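A short write-up of the structure that comes next.
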């Protein structure tokens, strides 16, 4: 019954399931604590082990642990689904180090992800545990507090979102003790264990002899220590290993021995153990002996997260034989020794090019095991480096990885031995044997590099343009870039150690030094500024104060109830969806014969079981179950119902479906070629576009592609349907933003009126638009299954299912033609947008509408025409996502704005400022701009970021560094607030006041982490004039507030807040006579007197946004109630050789009106910004040409991690800008800040420009989004890129395509 530990991905990639493992280590003779992923840790491996979950350290019912208290009070928990895992990572660190360094805290979170907060608040809260705990590490304004020296009006501006002095201290003596019963067993010898399940037998031998005997008996058995590979294979790849042998207890496989030639590690030693031993060796041994050790440590620094390193075995990493292994190239290049053993004897061999015999195959015989690995010392005159490039630095698989070793003849720079080993360039780890052979006997100088090594490597490390993994040009270039880094590194060491007795000259030029610097990132620092509440505001009036999210403490303790945490019903069934493996095909047969053999199977549900209509979707162009034709991979064909989740999964995988293939359309380009569009072309036009071009001094044309994005809410889609047994009634618990459509679609599927369907939502573990409409594809299936069986049915999608089925942000292609004057003033713009809508309309037209409404961003363009077409393709239907088309629309705008500046060498900030709107201007859809604060935000952001000084420092840095470049950009945003569909701009509320004075509040919005319920309680508190502690929100449901609009479009606080205030005012009016009769009475007195006088203490409230009257035919009227504004300045540093980038600084100024809750609003700004950071620099969905999604989990799809946020991350809420059009002068904040992360993208582009100038290139260049390492490196054209020419498009079939 402990539900605190969450399942976020099932593959150890998100950290939501982090727990602390404690055991007595028989080899170290002490108790050890370490974090681990519960989703991968086998239950069988828990023998003699204690597990601590989030519930075990504190509770709201007793006492919060300081770790729980600080993340809650520092506003580090929004949706809360990731919070228990983050809490346990921090808790485990504190059990091992009571006062950690800030760097150690950040390292502890390498295996944890959060999609809501933007991470800053979590780090800020946990900084209070650190040794170096000054508020900003004295980075911003000198010694002491980061606010020193500011000239802000101290009475009006605050930077204190929480008060560390209020935190309870950490007392290590009060932690739970290690279970004594486990300590008493430490002196007893380990005994062999064997567990037998339905399909798998787990054997845990206690001696090497037993292990070898079992391996001889079961030669195909898998050896498992951490289960980090086998667990994923079994869960996600449908692999079955009938026999698993766990060698964790074997002494010989856990030994660490320091020998004359190196250090021997038992193959069962964990990577964390290897890390500790090697770090100690590096500290204590002469530097020349530890070159390989330092390389291994550098690779381990970025190897997965601590939860994986703590359990994954060194031997497993080798024997897995991954072609992109981080460590195998190091072991191969260093010639590490491997000891193999079996019942037939032992042998020792060096890892060389013969060790890997094929994809994931080695020379080991079936009955052999890897016993130990000897990592060698290096000799004098021997140098070693290792490199890795991935999409994300923290916890990511390599794109290319390598180990490089060179040994010189004594006292010279002549090569005696050289080994260059690569991963990611073949089906196995490979040696560049021909290149190495050619280089032996050569001197280590520029001639060697330029004329020999790179040419040889480019030829030898070739890849087919169709190679699995794609990114072929990038991978080839990386092999040369890594060698160049190695070359420079060795050259520098040689020139120092040979003291001029060589032909090396003066070492490496100073401009090249940055190429060999290891990645370093200072701990994050931040300042958040907001306006204090007016003097004299009641202390009980929490509006405008940084009130903690009211569920934060429960979330930090694992007590917050999410959909799948609801206890199982008696007789409940579990449903697993059966989906299409084809993007476009006719279904010829569905065979459930094998599925019927799985124990616990109840039935298969499909289209024929739908009692009402199988037709569904916003445009009635979808089906609940595919009946005849499937139109995307992931199209739901049926569902398997069984007694348990495991049985249901197994049976679903056993269903056999045959197809007749039809030709799929996957990409925007294919849709354009085949004219495959959803009808209704969108268009907005103002002025005379042709005349504007005639008046222009210059015209530029271009295009930009913006990739899609996966929502990656930590809680996947989940529904529980409970049939009530009479009148067709059904109760559904759903993780959805849209109760009304869930109710309507389920009623339609079951053939009953909506009044028979009750939908309830307590909270969601994130939504971001992904649960606005697409949650219905699960809830309708589950409801049909419950109706068929008459039993409660539950379904929570696995992460891979969710990513495959539910769609994401629309990919966009923008084509533009812009006319402008010599000074950069824009005279005319013509833009065409194409979006990839997927296989159904869903919300695609609305998304396109908003893209067109925002194609001006904040710029006054007198003559403008925008056309938008939604492509109909064979992908899962794309849908709403935070920003709803506006980020794509504005991104294209900033692209051509950047082109104008690049074309004539104008400062980009000058061109942008020149074209800004002014107060009272009309937009391109003829809405008057009132309260236009972009100019204020712009000037404040320039000042706060010290933009012009930074620009000078960047220019100087770029002059001094060839291979590292910095860039800066300042970007504004304008975001219209309201639903584009006018009737959705309404909300209802229901308020009950009980006789004890307590208030139960319900409104039409749902809570997904954005703090909506907290804000609504603040609104009710102010309206009633009572403390927030008197008010409670239980849930959102269709039987309390009917016909709710989806919680979306950033308007939920506006419309629900007004509805809540309206209901409260109604009750206040009823109480008014009693207040007048008893003016000195209390709230409770007035409530009781009203009750005794038979006055209703319950009221509904309602609100609709007025004056929304846009006419698309005439292009007049107001589509939006008002606009939210903001400006961001960002500075980055790129590695021109690898495409890596580092976010150095971001300063945001945001107009949120008069903030209802500065802590929540700043959290929304930071969370949106970091989500946008993923959109524009990191996240990329990869599809096969046939429409199959490759990126189905955190293993291949990377969202920003803790280490990706800007090192300096400052947010300021614009002061004195009340908004008369929303509740208590506030403004919407959920979506508007997301686009500000484009400042990072254009800062990257600015840095690339500097690199291109050094290569003799200037002017506009194309950079599509996201600015991934691949795109950054390929854009930094140099001699290395020229050695790796691209294959001609159309001459090969690519591994992946751009959707």
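Cβ coordinates come from backbone N, Cα and C, glycine included.
Quick look at what TrEMBL annotates:
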- 1-57: domain '2Fe-2S ferredoxin-type' (DOMAIN)
- 9, 14, 17, 39: [2Fe-2S] cluster 1 binding site (BINDING)
- 79, 82, 114, 116: [2Fe-2S] cluster 2 binding site (BINDING)
- 195-380: domain 'FAD-binding PCMH-type' (DOMAIN)
- 223, 224, 225, 226, 227, 228, 229, 230, 303, 326, 370, 388: FAD binding site (BINDING)
- 737, 768, 882, 1049: Mo-molybdopterin binding site (BINDING)
- 772, 850, 884: substrate binding site (BINDING)
- 1231: active site, proton acceptor (ACT_SITE)
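Neighbour count (other Cβ atoms within 10 Å of the Cβ, all protein chains): 32 for residue 768 (Mo-molybdopterin binding site). Listed in sequence order, 271, 309, 326, 327 are the same-chain residues six or more apart from residue 303 (FAD binding site) with CB atoms under 8 A from its CB. With residue 17 ([2Fe-2S] cluster 1 binding site) as the anchor, the candidate binding-site residues are 114, 227, 229, 737, and the one with the nearest CA is 114. Ranking the recorded positions 82, 227, 229, 850, 1231 by the distance of their Cα atoms from the Cα of residue 882 (Mo-molybdopterin binding site) places 1231 first. Other than the site residues 9, 14, 17, 39, same-chain residues with C-beta atoms no more than 8 angstroms from the centre of those residues' C-beta atoms, the [2Fe-2S] cluster 1 site, are 6, 7, 8, 10, 11, 12, 13, 15, 16, 37, 38, 85, 799, 1194.
Neighbour counts of Cβ atoms within 10 Å were compared for the binding-site residues 850, 882, and the top value is held by 850. Contacts of residue 116 ([2Fe-2S] cluster 2 binding site) defined by a Cβ separation under 8 A and a same-chain sequence distance of 6+ are given as 78, 79, 82, 766, 1009, 1163, 1167, in order along the sequence. Separation of the C-alpha atoms of residue 225 (FAD binding site) and the residue listed as 'active site, proton acceptor': 44 Å, rounded to the nearest whole number. A separation of roughly 32 Å, to the nearest angstrom, links the Cα atoms of residue 14 ([2Fe-2S] cluster 1 binding site) and residue 850 (substrate binding site). The two recorded residues, residue 39 ([2Fe-2S] cluster 1 binding site) and residue 227 (FAD binding site), show a Cα separation of 10 Å.
Remark: residue 114 ([2Fe-2S] cluster 2 binding site) has 82, 86, 122, 714 as non-local neighbours, by Cβ distance under 8 Å and separation of at least 6 in sequence. Taking the mean position of the Cβ atoms of 79, 82, 114, 116 as the [2Fe-2S] cluster 2 site, the remaining same-chain residues with a Cβ inside 8 Å of that point are 77, 78, 80, 81, 83, 115, 117, 714, 765, 766, 1009. Considering only the binding-site residues 9, 884, 1049, residue 223 (FAD binding site) has 9 as its nearest partner by CA-CA distance.
For the domain '2Fe-2S ferredoxin-type' (1-57), residue counts in helix, strand and coil come to 7 helix, 19 strand, 31 coil, using DSSP. A gap of 9 Å separates the Cα atoms of residue 768 (Mo-molybdopterin binding site) and the residue listed as 'active site, proton acceptor'.
Neighbours of the substrate site: apart from 772, 850, 884, residues of the same chain with C-beta atoms within 8 angstroms of the site's C-beta centroid are 769, 843, 846, 847, 880, 881, 883, 885, 980, 1048, 1049. Separating the Cα atoms of residue 9 ([2Fe-2S] cluster 1 binding site) and residue 227 (FAD binding site) is a whole-number distance of 15 Å. In this structure, the C-alpha atom of residue 850 (substrate binding site) lies 11 angstrom from that of residue 1049 (Mo-molybdopterin binding site).
Mean pLDDT of the predicted structure over the domain 'FAD-binding PCMH-type' (195-380): 96.
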